Amino acid sequence: MIMGNLELFLIAVGLSMDAFAVAISKGLSMRRMSYKTALITGLFFGGFQALMPLIGFLLGTRFESYITAIDHWIAFILLSLIGLNMIKESRGPCEIIEDRFNLKDMIILSLATSIDALAVGITFAFLHVDIVPAVSMIGVTTFLFSFLGVKIGNVFGECYKARAELAGGVILILMGLKILLEHLGFLG
């Protein structure tokens with residue numbers, strides 16, 4: 001399946017919303033906005049968000065022959081579960097991200113916000129998505145959202161965090177539904 005740039009961009013935006021929400025929290029915890037912190041946050045989150053779908057893609061291509069008959073269902077289920085979880089998290093209590101900025105914390109936060117990208121990478125393998133442009137778009141989009149999230153969190157505060165996760169969840173569910181409907185022949 002050829003996935004267009006718009007579809008890849010929408011998936012990239014959906015995936016970047018967890019990182020965006022955490023970046024907003026980082027910005028909230030800062031007394032004064034630091035562009036260095038925003039840049040490092042964007043690089044960590046964008047880098048991990050690009051790496052994880054690549055790993056998922058490599059795993060998916062390895063096992064593709066075993067599950068080709070149900071790949072569209074797997075894509076639909078994975079994207080929907082990720083999306084539903086993001087929507088659920090958008091309605092829950094706010095997590096406080098401490099104003100700590102060290103390598104260990106950044107790696108943990110980067111992994112936590114990019115686990116769903118691993119599952120998306122697996123679906124990319126089943127859909128034969130050209131992985132280099134896909135991970136590039138995901139990484140750059142997440143970098144930009146994370147960089148801006150630190151600034152937005154520092155300036156505006158908590159009100160955007162839940163909305164970002166809700167929007168990201170809805171986008172991923174819609175993309176999963178689109179993939180399923182295409183494979184079932186309901187969409188051209």
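Every residue, even glycine, has its Cβ placed from backbone N, Cα and C.
These numbers come from a predicted model, not from an experiment.
The transmembrane segment feature in Swiss-Prot is assigned to 2-22, 39-59, 67-87, 107-127, 129-149, 166-186; the stated evidence is sequence analysis.
Here the transmembrane segment (67-87) touches the transmembrane segment (166-186). Their Cβ atoms form 3 or more pairs under 8 Å, with each pair 6 or more residues apart. Same-chain residues lying 6 or more positions outside the transmembrane segment (2-22) and placing a CB less than 8 Å from one of its CB atoms are 45-46, 49, 53, 83, 86, 97, 109-110, 112-114, 116-117, 120, 124, 127, 129, 133-134, 137-138, 140-142, 145-146, 148-149, 161-162, 164-165, 167-169, 171-172, 174-175, 178.
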